[in-house]
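Note sheet for the following structure.
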Ligand SMILES: CC(=O)N[C@H]1[C@@H](OP(=O)(O)OP(=O)(O)OC[C@H]2O[C@@H](n3ccc(=O)[nH]c3=O)[C@H](O)[C@@H]2O)O[C@H](CO)[C@@H](O)[C@@H]1O
Ligand SMILES: C=C(OP(=O)(O)O)C(=O)O
């Protein structure tokens, strides 16, 4: 088993470079299957577990995928299979994003139900509502969703119940090869949606309105392979911005884009963090004393749920009471229990977490309950007294390239180690409490 070991107390200094966005590259790779001619080339691809998973899904579906030096090539000219295996969908819900492209290209798809995960139940009804509106028949049984269409998908007017990122992407990928025009209202506006639309348009699609609440997609007969560079990862950037601020450090987050990070920048500035735009990124300088703020997660351009746990770590250091309200996922406070192990004073009331800072954090044995929770625990470890050991790194590896190494390069005392299952680790992070056995 591997763990990240953090010894707190170091300020971060230097430059950290942001990778391509996980949440942009996954739909872009899925979309590359829409071209029945040529080879697509995708640049700035992060070496993440999720990227390996989606590559394997495409290979399974009979596409040729090659991944080297942060560049992926996809050639999907052979006849595609239509069933994705449970093994991949179980590992990564975003595997469900192949349904739209398969329906558009082959007219059918059979994908295991993605199911819930640590952050909530995460239904896919909005994806299915979109496919049905375009003429697909949906059957659910034996843990699978089957979708098929007679002939071609038809353009339709679709209004989403909520601006779901995945549903917007899946429906957009289905609509690009449909007959006629699709108007998708109340759709997601995340930068990753814009990145996908840019790639589709480079392939010859006619998508307008990406980044607004309404997408207009005029179906075309055929798409060709294209070249595309993935947008920088705003969530990874935000994670390092928080790490710099919490340690009172001074870090340039290279390739961080201010226009994608407005909600985080605004809250961090309210807390007293200085953030300045430089020609190649954002410089973050953390003050000694942070002010408390209230934060509510919302779909873009609101505060991203994917930065909620990291923001909570920062608020543990603020002088006063802060409230975080999570409105996107119903169960995204699993990290609270882990923070409590580190001596955090947090109360949960419904969908809100009330944080009474400053908390004198102590290193502890903690577990990454999801990928952002994992990053947040490492960040909290940076200012904790003693040693923090974070386990369940498989979650962190889904979304961060070498988190420990990048923090270490900024001066943090962080290492990734392999420990034997069940081994008792010798080093103690704090003096043991002086307890006597009760009945001695
Ligand atoms: C790979 C990827 O890009 N993942 C991101 C994507 O996930 P994902 O695309 O799964 O998130 P959605 O935007 O779809 O989900 C937002 C909310 O809508 C609900 N919902 C969604 C679809 C649906 O058919 N029915 C329904 O009820 C979900 O349960 C959730 O409460 O956006 C989330 C919200 O910004 C991020 O946290 C994830 O990092
Ligand atoms: C929740 C996330 O990803 P996914 O939707 O892939 O689970 C995330 O990136 O924080």
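Every residue, even glycine, has its Cβ placed from backbone N, Cα and C.
Annotation note: residue 117 (active site, proton donor) sits in a strand segment as assigned by DSSP. Per TrEMBL, the feature active site, proton donor maps to 117.
The phosphoenolpyruvate binding site annotation in TrEMBL covers 22, 23. DSSP classifies residue 22 (phosphoenolpyruvate binding site) as helix under the three-state reduction.
When secondary structure is read from DSSP and collapsed to three states, residue 125 (UDP-N-acetyl-alpha-D-glucosamine binding site) falls in the helix class. The UDP-N-acetyl-alpha-D-glucosamine binding site annotation in TrEMBL covers 93, 122, 123, 124, 125, 126, 306, 328.
Annotation comment: TrEMBL describes 6-407 as domain 'Enolpyruvate transferase'.
Summarising the annotation, TrEMBL assigns 2-(S-cysteinyl)pyruvic acid O-phosphothioketal to 117. Under 8 Å, Cβ to Cβ, and six or more positions away along its own chain, residue 117 (active site, proton donor) finds 93, 370.
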Binding-site residues compared (23, 126) - highest count of Cβ atoms within 10 Å: 23
Cα distance (Å, whole number) from residue 23 (phosphoenolpyruvate binding site) to residue 328 (UDP-N-acetyl-alpha-D-glucosamine binding site): 16
Listed binding-site residues with Cβ under 6 Å from ligand 2, out of 122, 125, 306: 306
Binding-site residues: 125, 306 - member with fewest neighbouring CB atoms within 10 Å: 125
